[in-house]
């Protein structure tokens, strides 16, 4: 059982916590240094989760769903809610229940249950489900509006169009498809008008309101209108305006696949003339704004995605990130720090407003940015992250990172991402537990209540969140606070257990409305008497990820925040609190095994791209943070502290220390840092390979040695989204930097004489892990 738990630490519930036993008071919790937080995967697949064809039974006071921790009086047909202790009567259809015949949501092993909710006959607004009516109407189809940048060179444009054709071919037949292209202007293509190509043109140089979008598309309150001058009139044009917007602009994939193929064949790169020394006019903001308005008119409150393929920076209209003058560089982190990025705040404000509109409509923005330059991911971050959108950053639309990732989005079967739509998360918790907020792909619905904390972290001030887009890998970090009242009398005095319930309603890819209910319990402990139970309940991997997410948020939102200093202080406080030592004797310092890996995580976090942002562009930093905030604990931990595997003739593949000492001339190393996978050949291995030894029959063992890391790398790549970049390099080669940058610099130019033969050194002044530990021990034991 323990072996199973270690293989799948999230279990059936998909929940991991920093502390698996909780201190009773706010003061004691603050002494624990690491925040009390839970990382939840709301719709993670697990084969043991039962599915039932009815809606959950809810407590009439706190609205928590019936669960295995409820106390049930089978004779009186009453259940007592474990969260608020309210007595609730079972409805008549539960009256056949007895001690030997209980509904599945009361089985002790089913702490997570998935319910099927009735589909509303028509959308009634964001997150409104008619849970009392019978199932009515067909399941809602998935809706996709593709937004394509035309300001690219022909080769890139060809790759992007080819990917779009493939994606539309992979969509379910009933999925609805719309198409917007943009360059200097934004073009909405009327796919329902098959006689000839018909587009609605929007100026790219000025902001356009939702009402203006609807009016120009003929979807506004005034309804029908004559076409704008210059647009072609078809012979059935008068009848065409009798169609709804859905029939005109959004068609089933099976009906419009041929039309879009023809359209893409004819579509050219942006033909607007560009003067020498000037950037192309690219109106990204207007195009996404128009797509948002179109979906808002046709499908408010129903799951839909805007899939944007962008090949460069916005230089026209709202959302502009750089001027058209090529001599002006794109903003850097230094510019943002000095407030020297003239377009940044205005563009960020524009996308914040767009994020609010998308959240209110229940729609998702997915961003596929492929360019050697920045495209504005940093400014768009709110619109992508708050709607639960996917983001992929690559160098080219022809690169495998984009092509394979884009294909994965639309694939079905085991390899699919399990994309779902229009989700709402609700959290109920025991008295004296307060919710500070969530870091991750969601948006606060501002639903106040007694469980809302005064302090806010991330998306807070609520007990309900909108998740316009979510998938089976989506992970959220929920931060909790304890009420400042003394809990000696309550809740622990009455009940030593605390309860948390996570309820996620969502629309799956087939259009069915489901609700997953997860109820977990943990124990209160009095840490004033002993910290032993607290220590045993510490999850250091989860704690490292939570601290990384919190540090990233603080770097974004707090001016002048020094992440390295904050991480160091927290680590010293944690080691002082939970380490075993004699005061002022560093040699006596030891850490419990439950804490022993945490300093190493912190060391690697300090050196990672999440903290050392000045080596990256603002777009890369925003991309890295969005991935960190949405991935599960195991994947996020690999982003912070990559895994290293060594391959040699003498032994089977085995984990290696993330240290420069692991490099050997006769070894191959495989580094997994999540967004890149590096296969690194030692000097001797590379020489033998270049001489072609692997092609000789007597050297089959060498051929197998070369193949093994490549096969393992492909296994990692197949299981991951976005698809990581594969780097194959040799010792002392130019691309060896991808490995060296992640290794502990135990051997540098300062102590090169101590290194082993065939090993390597790192040219850096960074401290090594060993020196870091020495300083930590010294500071942790100080009086």
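Just so it is clear, glycine is given a Cβ too, placed from its N, Cα and C backbone atoms.
Of all ranges given (59-84, 85-110, 111-136), Swiss-Prot attaches the label region 'Zinc finger-like' to 59-84. If you take the C-beta of residue 62 (Zn(2+) binding site) and look for same-chain residues 6 or more apart in sequence within under 8 angstroms, you find 81, 83, 84, 86, 428. Close to the recorded Zn(2+) site, the chain also has 60, 61, 63, 64, 82, 83, 85, 86, 88, 428: residues not among 59, 62, 81, 84 whose Cβ is within 8 Å of the site's Cβ mean position. When DSSP labels each residue, the region 'Zinc finger-like' (59-84) comes out as 0 helix, 7 strand, 19 coil, counted as helix, strand and coil in that order. In the structure as shown, the Cβ atom of residue 81 (Zn(2+) binding site) sits within 10 Å of 25 other Cβ atoms. For residue 84 (Zn(2+) binding site), the number of other Cβ atoms no farther than 10 Å from its own Cβ, over all displayed protein chains, is 19.
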